[in-house]
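Following: one structure in structure tokens, then a few remarks.
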Amino acid sequence: MLFPTEFDVIVVGGGHAGTEAALASARMGAKTLLLTHNIETLGQMSCNPSIGGIGKGHLVKEVDALGGAMAAATDESGIQFRILNSSKGPAVRATRAQADRILYKAAIRHRLENQPNLWLFQQAVDDLMVEGDRVVGAVTQIGIRFRARAVVLTAGTFLDGKIHVGLNNYTGGRAGDPAAVSLSARLKELKLPQGRLKTGTPPRIDGRSIDFSKLDEQPGDLDPIPVFSFLGRAEQHPQQLPCWVTHTNERTHDIIRGGLDRSPMYTGVIEGVGPRYCPSIEDKIHRFASKESHQIFLEPEGLTTNEFYPNGISTSLPFDVQLELVHSMRGLENAHILRPGYAIEYDYFDPRALKASLETKAINGLFFAGQINGTTGYEEAAAQGLLAGLNAGRYVQEKDAWCPRRDQAYLGVLVDDLVTRGVAEPYRMFTSRAEYRLSLREDNADMRLTEIGRELGLVDDVRWDAFSRKRDAVSRETERLKSTWVTPKTLPPEEATALLGKPIDHEYSLAELLRRPGISYDGVCGLKGGECGPVEPLADEPVLLGQIKEQVEIGIKYQGYIERQANEIERNDANENTRLPDGIDYREVRGLSFEVSQKLNEFRPETIGQASRISGVTPAAISLLMVHLKRRGLGRRNGAAAETTEQGGDTVPTQQ
């Protein structure tokens with residue numbers, strides 16, 4: 001049956017990538033259909049009950065700055081909030097929250113059901129409708145055909161998923177949900193390059209059987225309580241709960257080693273590669289054999305359940321081994337396991353077959369986002385989903401794709417890494433992956449992206465109004481600190497000594513004083529009995545006031561470093577944005593080695609910047625490529641047509 005309504009964009013899958021994709025597409029005015037195998041699992045946290053962390057929290061803030069749902073849903077469902085690396089520099093500080101699974105899922109579903117231009121439909125997708133080199137719709141398991149001009153595929157771990165517990169295995173997309181076997185087979189028919197990856201999850205524990213008196217308590221931050229969204233307030237948070245800490249020991253490790261002969265990972269049953277930075281407990285005791293103990297965090301799953309998530313013991317060992325290893329740890333001697341841990345293998349598709357817009361190079365209008373691209377993590381999925389949904393909507397509206405740069409957003413780093421380097425293992429975001437991380441901080445994600453989001457149609461009036469007030473207040477206050485002066489005559493020596501350690505000997509602006517180590521914004525604003533404070537309130541809301549003060553302080557203290565990084569970005573811009581002609585044959589570039597020309601012809605980079613980051617492409621090869629392009633440009637000056645970048649980059653002649 002052909003469904004009577006035609007849509008602009010169809011999103012397949014209702015996880016973290018799919019929900020952000022559907023919301024983004026609908027926000028910018030595209031008529032969007034979200035197809036999911038089960039409406040009850042929209043926004044489900046399939047693995048750990050947490051959002052954020054180092055690098056990951058940066059992505060969540062960027063999704064929020066672009067109008068996405070993840071941060072706001074976390075503020076409404078978070079039962080513990082912490083700032084990681086709070087004693088370190090602002091570039092690596094990151095927000096992390098424990099979330100109540102039920103509340104988080106409800107917050108996401110509420111947004112989906114109340115988003116204009118968005119329709120939901122419950123049916124698994126078995127096939128894509130493809131005409132020539134473009135996608136035109138999707139077909140469900142009972143044969144309903146939905147037509148659309150673009151499709152965003154966010155299938156997570158469901159593509160030909162296989163669940164392993166010991167040497168037992170069965171098909172499944174996650175515990176309790178069926179795998180997407182037919183859809184996986186259809187994608188293989190389309191000759192898209194694919195492989196297998198693996199991830200895992202730990203056994204869940206009944207909190208009533210845990211002896212908390214033997215554990216170390218880990219509370220969240222309370223003064224102040226962090227928020228995730230730039231529009232968030234601490235009052236939105238539900239009741240806050242602590243996490244708890246225990247440790248593995250030598251007996252635990254002996255139990256694990258004794259079960260490796262029945263481990264699907266160590267007997268070759270699992271062929272997929274697992275995540276390096278979220279290893280199973282089997283991997284940990286094998287890779288870090290000299291380590292006597294590993295820290296395990298017991299994380300509450302919610303306010304209305306006794307279930308705990310033991311972060312750090314992801315495993316696919318047989319259940320009897322899981323039971324024994326859990327009981328070997330302090331506080332868990334009598335623990336009751338509610339759900340066994342398991343590993344899951346699934347299909348992914350080589351992201352080097354994607355454009356930077358996340359559209360497939362082979363099939364027009366088909367976009368991929370999330371674990372199908374070889375990433376791991378809710379946050380990485382949500383960020384890709386937002387970008388894919390946005391660009392699917394722009395594709396339908398016949399507008400140029402928006403592709404964030406590496407110097408613009410962690411989202412830009414994520415996508416550029418995927419489409420230029422591919423993945424050999426599940427990809428996870430870290431701050432260390434960003435070369436411009438001082439400019440890509442959590443605190444300035446809105447300053448970097450909200451204006452762009454407004455232009456793209458992603459940011460509503462409420463967010464825009466709050467952002468505009470913050471932006472203007474930061475600018476005014478920064479200028480005030482630069483233009484407000486204190487002198488030895490106007491600043492009493494005892495007051496200067498209390499703040500600076502000694503009296504001042506000449507005139508200083510408040511900004512100059514603030515640049516000194518250990519001096520805070522509140523400190524300089526309190527000088528002269530508070531006379532140096534702002535004449536007018538910076539903001540009505542305490543959260544917004546805190547954001548403004550933070551922005552002003554960081555901007556002034558790190559001004560020199562930030563300007564130096566901006567100059568470096570400007571120097572690199574020419575190569576980064578120079579687009580390569582679609583039809584170029586790299587075998588014709590004089591001096592390129594066979595290996596380099598083969599890689600460039602295979603992966604078809606869109607810009608010189610992308611080409612420079614492909615493994616094996618040397619700086620010398622880039623120089624040869626630039627010479628080749630300049631020669632052709634000189635030879636085509638007289639009226640030759642030229643191809644320009646979609647984002648305003650340099651002009652490179654097209655090849656004829």
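Keep in mind that glycine also has a Cβ here, set from the backbone N, Cα and C atoms.
Cβ neighbour count for G15 (FAD binding site): 30 (other Cβ atoms within 10 Å of its Cβ, all protein chains included). For G13, G14, G15, H16, A17, G18, the entry in Swiss-Prot reads FAD binding site, with the evidence type sequence analysis.
When Cβ atoms from all protein chains are considered, those within 10 Å of E282 (NAD(+) binding site) total 26, not counting its own. What Swiss-Prot records for 274-288 is NAD(+) binding site, and it gives sequence analysis as the kind of evidence.
The region 'Disordered' annotation in Swiss-Prot covers 636-656.
The compositional bias 'Polar residues' annotation in Swiss-Prot covers 644-656.
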> Taking the centroid of the Cβ atoms of G13, G14, G15, H16, A17, G18 as the FAD site, which other residues of that chain lie with their Cβ within 8 Å of it, listed in sequence order?
Replying inline: V11, T19, E20, A21, T36, G43, T154, G156, G370, A381, G385
>> Counting other Cβ atoms within 10 Å of each residue's Cβ, which of the binding-site residues H16, R276, K284, H286 comes out lowest?
In response: R276
> Which one of the binding-site residues (G13, G14, G274) has its C-beta surrounded by the most other C-beta atoms within 10 angstroms?
Replying inline: G13
> Which one is closest to G15 (FAD binding site) in space, judged by CA to CA distance, out of the binding-site residues G274, R276, S280?
Replying inline: G274
> Say you check the Cα of G274 (NAD(+) binding site) against those of the binding-site residues G13, G14, A17, G18; which is nearest?
Replying inline: A17
>> On a C-alpha basis, identify the one among G14, H16, G18 that is nearest to R276 (NAD(+) binding site); the candidates are the binding-site residues.
In response: H16
>> Return the count of C-beta atoms lying within 10 angstroms of the C-beta of A17 (FAD binding site), excluding that atom itself.
In response: 34
